Amino acid sequence: MFSRMPGERLSIRDNAAVGRFHGVSASNGQAVPERHTESKMKKEESGCRRWFRRACPCCFRRQNSSSSNSILFFFSPSFSSELTLAVRSVDLLSRKSDRNKKEHHTDQYNSDQLIIRRGQTFQIELDLSRPFNPNTDKLHLEMKTGPLPQVSKRTHIIIPLVDELQDESWEAKIVEQNVNRVKLSVNSPVTAVIGKYKLTITTQCLKTGETTTHDHDKDIYMLFNPWCEDDTVYMEGEKELKEYVLNDTGRIYYGTEKQIGARTWNFGQFDEGILEACLFVLDNSEVPPSGRGDPVNVVRVISAMINSPDDLGVLEGNWSGNYAGGTSPTAWSGSVEILRQYHREGGKPVKYGQCWVFSGVTTTVLRCLGIPTRSVTNFQSAHDTDVSLTTDVYFDENMEPIHHLNSDSVWNFHVWNDCWMARPDMPPGMGGWQAVDSTPQETSHGTFRCGPASLAAIRSGQVYLKFDTPFVFAEVNSDKIYWQRNLDGTFGQIHSEKKAVGHCISTKAVGSDERVDITHLYKYPEGSEEERIAVETACRYGSKPDVYSSPIAEDVRVEVMMEGEGPRMGGDAQLKIVVKNTSSQPRRTTLHSQVAVMYYTGVLKDTVKKDTLNTADAGARLPYTQYQNQLVDQAALMLTLSGRVSETQQVLANQTSFRLRTPDLNIEPMGEAYVGKEMSAKITFTNPLPCTLRNVVIRVEGLGLRDLHPIRVGDVSKHANVTVTEHFIPTIAGKRKLVASLDCRQLTQVHGVADIDVHEMSCIANAIISHHDAGGAFASDLSDYVSSR
């Protein structure tokens, strides 16, 4: 027998080589060499020696040239791997039924990725190569977001393993261990950057010093958390959260204050691919990911990126009436196809949008990212172009409008957004609803965007507070000032309307499809002392601070009244003009009237009628033949009145906009609705015009019912009825909305909606349907089965 060399120790690792390599055996923990006979060597040549010779020829030659008494020890790779701690697989527990998505209110997202909200723990499971020993093993996580993750920018997160989780920090704790499987609870701070993260798990064995890393192939999506009290977007009230974060459909209002119309909009923030598209919008903004932890910054970025004039954002605006090469703004019924197209085409702006489309897409993106948001419509919405905080109308010496000076306008309606957040960047009391406008109107710090502007600041006239508060204040509460040119070329103030703008500010009610008026959130009651103080306070910071230095007495006023819901498209338009004398003395005046076709933005296209009216109550009548070839989108008209009271020289002025009402699309679902079972809906429409509609297309879509589907109807004769049937297969149970809109050059803003209650399909019912579809004969069909239930 050969003895071990003096002072030579046999590592326990060497025992793993026993039975695998020549010259190594074991006896009571000691290596025992074998005598190398010639026959033994020949026999072994076909086994381990052959492997050794191929693996390392030089060592093999040295071994052969050495004494037959030499001993060769090997450290076994298999034994080393027994000590190595490695991650074999990761389960992010991202299924809809898993705890993560339920607790984080992300189970509605149509995605198998892990979607979580910041400031809240989530769990993952690791399958390790051996049991984890906290005394001899180390483990930590790393999460990275953005193209150049940095620890200092909070885009490279190192998450240590701790015994107890603390708030306001990234940490992980083992909450369950079963042999090789470990469940971790991971905590994120409420200030975490939102976005898409890559996950890496690093393990280390302290005995060997060996470290392994595992890069998981699935992403983790981090969102804002309005359910977390410490998040700046926190909103109290489950009903409000369900409406402003989780509701994927809504209502957008349009028309005029006396003729308010409503249309259903599919926000679709949970639809497949929409979260990816929303993050793609953020990526395209060139704003670094490190700035995405602040909702104020994110909202400001989204406001800029939904429009496209200066940053190739989502939508290209078009108010011309010519929509060749794109989709008419009135034809859209939802945001899903717009965002998918923008993402699919690599950031090419989608054609075309107007204010309600910009607002609808903004609601989708912000709700998707976790910020409570709603679409808001302001009727008689002013567009102040010179920061005067007044809406100015200029007349010449003969009381004719000076069109090239009338750059300020009053839109029939304008749609923007409110989003909810605290404002730690502003004085106390400025948190809550913030106005955000993605429609490109005026630039803010060189970019077409607007907001977030605190509604509290707007209401009190604190227009010096950021962001873009003066512009929003003018939209909702500016006075309309009429100016007349003097013989020397200067202008004098001749009249003012203190209640001309900011009427019936509307949004969808919480939990229902009713309209709710939120004007009181934007301004104090018209004419109240608080409201007047707010207006005059704001104007002191405008470009015409002395506009209120000499108030003008008025005792005669003129009003325009409308019967019922107002004139309809295809018929004559008629309004009633009333002149009221509030003094005790008789008054005489002559009014000049002018009717013009107007874009809904308040920009006039063409004057179609002029007239002179006596002081007695009169009417303004506009035959269909005078406006039929002049109409633009929204079928809007403006009546301008001007005159002077003979006895007092008081100037009378009034501008009233109105629209011609369009018909609805009637949608009638046929039969009961079940998931996975085809059903149909009948859509009917009557052409109200005494002319043929050309190239009519009806666009149908419904979240959980069907993707956007255009139905080409073709030409529709004058006053003709049209009926089409749409077939679809519901995919999601619950209350769904099927929305349709008509796309036609001669007639716009025609749409309809139907509520459809989709039932889950039971196993028995599914079997009956399958057998029935296959031609099976049953004593009772599905309807009998359902009724018997």
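The backbone N, Cα and C atoms fix where each Cβ goes, glycine too.
What you see is a predicted model, and the numbers here were worked out from it, not measured in a lab.
Annotated region 'Disordered' per TrEMBL: 23-44, in sequence order.
According to TrEMBL, the feature domain 'Transglutaminase-like' maps to 347-440.
Residues annotated as active site in TrEMBL: Cys355 (among others). Taking the Cβ of Cys355 (active site) as reference, residues of its chain lying under 8 Å away and at least six apart in sequence are, in sequence order, Trp411, Phe413, His414, Val415, Trp416, Thr439.
His414 (active site): 27 other CB atoms within 10 A of its CB, across all protein chains. What TrEMBL records for His414 (among others) is active site.
Sequence-distant contacts (6 or more apart, same chain, Cβ under 8 Å) of Asp437 (active site) comprise Ser303, Phe358, Trp416, Asn417, Arg449, Cys450, Gly451, Asp468, Val472. What TrEMBL records for Asp437 (among others) is active site.
Residues annotated as Ca(2+) binding site in TrEMBL: Asn477, Asp479, Glu526, Glu531. Counting only residues at least six positions away in the same chain, the Cβ atoms of Lys498, Lys499 sit under 8 Å from the Cβ of Glu526 (Ca(2+) binding site).
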>> Quick check: which same-chain residues outside Asn477, Asp479, Glu526, Glu531 lie with their CB within 8 A of the centre of the Ca(2+) site CB atoms?
In response: Ser478, Lys498, Lys499, Gly502, Lys523, Tyr524, Gly527, Arg532, Ala534, Val535
> Per residue, counting other C-beta atoms within 10 angstroms of the C-beta, which of the binding-site residues Asp479, Glu531 reaches the highest number?
Replying inline: Asp479
> Within 10 Å of the Cβ of Asn477 (Ca(2+) binding site), how many other Cβ atoms are there?
Replying inline: 25
